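Asks: Here you go, one structure.
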């Protein structure tokens, strides 16, 4: 059969463009929103709420473990559902609406003095917030499962043609990644005054950004429900369930499969362990704690990552056809190793945008690596058919992704442990943000006074109130720095410098309080002094040099080390291109004889 004949798709098997686009847009949930929750919740919980990186990492494991249970449950329910609207679309509708609601709810972690006073200690308050985040993530990821499993099953049913199914899932991947390009920009968006409000931080901004996303997502639920079509289903044949454990046993005893899993798992863990470190390095090393400025670079980094990932599909196919999958896999790993090495130079506070160089290299390598991994599972299924006489793509593919999901869950825990090792001071960042926020609220009032006729007496009362809040924040930071010096004497020099900046902030606040009677009649001079105080307070967010060094050391070194292990394993991988062609010929001959 010629290439043209193999690629011919009957008209009745083609999916119309309106269906293709509607189905492809479904990639927004599993690709874009899933990543937002997985990456940003841990980050903002640590740097904005001041929660322990260790415990955040620990609770991030639980939803991933729950995925391993919920996926087959939802799949079974969907397969056995019978409604006038089909088997899949009711779940797609309910799942999308649940995703929209739960995505908003999980960002509204209760915070502030009004909720803090309910608890007897900061520890109890932090555990309450951690519990809220865990509950929110469980509901959100379960909602994603309710949508994604039936949606994925629908993609297999919308056309019986193999190439058309590829077209469907390619549309889903392309459109999902297109929206995922905006994920890193969310930090910049949440950092805008419009979303975070006067005195707010990025965590406050994400509350309102999530409402915007939900407002877009909710109408899409109805669009998908009414526009997508399921193939006619008159009756669903009973499927034998007795073969599940036997299939699992066959899959897990395949040495070639296990070799591939170890190759993929080893490298993936190296990068998953430090996935969040890029945010910390960008914010605190490249930009000295300025989350808003860092958000812009993170946004461009995410855009560069996504665009490179889309483009890299084309050289991947060209190289793989000429060199084979094993050698192309090695090239992908070497690209990622090169990216890690370039970070030594590209992590430069003077030229922060140099970091886009390793970002592009990593994106290309990752796209090639994981695309080839899935393709190589298909080759293993051919080998397994030759050995057992049966095809078990579902078992192999589900176990393959089960390992990756469990690895991601484990990585969430390890990330927290590694962050503790770096001695990152989340409480310093939270307290400094609170101080900055108090000064910004005063600035916002001053701007209003320049546009209105507020009496001097009211202005004076407002200034004194704000200064009292600022002094309270200063006292809290001072106590924290004293404790920090006792707990970490090795960082006493850095903490001492922070104390000097804090003392200068306190002096500026005291001077402002002393001159308040005169300054309230001169908003321009008052704004000038508060701006000076804000500039000094911004220095209080800087982390210790040793912490910043450890962040870079772990983020660069650990993936590089495990990538080298993955290269060694790939060189020993037994299923070569020549052997794959031999297997295909043997299978073809077997089918010819049996047919």
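Glycine too: its Cβ is placed from the backbone N, Cα and C atoms.
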Asks: What range among 351-378, 435-462 does TrEMBL describe as transmembrane segment?
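Replies: That would be 351-378, per the transmembrane segment entry in TrEMBL.
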Asks: Count, for each of 20-37, 43-62, 351-378, the Cβ pairs lying under 8 Å from the transmembrane segment (174-195), and report the range with the highest count.
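Replies: If we count Cβ pairs closer than 8 Å to the transmembrane segment (174-195), 20-37 scores highest.
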Asks: Before we move on, state whether the transmembrane segment (399-421) and the transmembrane segment (257-281) share at least 3 Cβ pairs under 8 Å, counting only pairs 6 or more apart in sequence.
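Replies: As far as Cβ distances go (cut-off 8 Å, pairs 6 or more apart), the transmembrane segment (399-421) and the transmembrane segment (257-281) touch.
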Asks: Same chain only, please: residues at least 6 beyond the ends of the transmembrane segment (20-37) with a C-beta under 8 Å from a C-beta of the stretch. Say none if there are none.
Replies: 92, 95-96, 99, 103, 106, 137, 140-141, 144, 147-148, 151, 154-155, 158, 167-168, 171-177, 179-180, 182-183, 186, 213, 217, 220, 223-224, 227-228
Asks: Please give the sequence-distant neighbours of the transmembrane segment (351-378): residues at least 6 beyond its ends with Cβ less than 8 Å from one of its Cβ atoms.
Replies: 257, 260, 263-264, 267, 271, 282, 286-287, 297, 300-301, 304-306, 308-309, 311-313, 315-316, 319-320, 325, 328-329, 331-336, 338-340, 342-343, 345, 393, 396-397, 400, 575
Asks: Quick check: do the transmembrane segment (130-154) and the transmembrane segment (556-575) share at least 3 Cβ pairs under 8 Å, counting only pairs 6+ apart in sequence?
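Replies: Judged by the Cβ rule, the two regions do not touch, with the required three close pairs absent.
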Asks: For the transmembrane segment (556-575), could you work out the same-chain residues 6 or more beyond its ends whose Cβ comes under 8 Å from its Cβ atoms?
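Replies: Distant Cβ neighbours of the transmembrane segment (556-575) are 256, 259-260, 262-263, 266-267, 269-271, 273-274, 326, 329-330, 333-334, 336-337, 340-341, 343-344, 376, 379-380, 383, 418.
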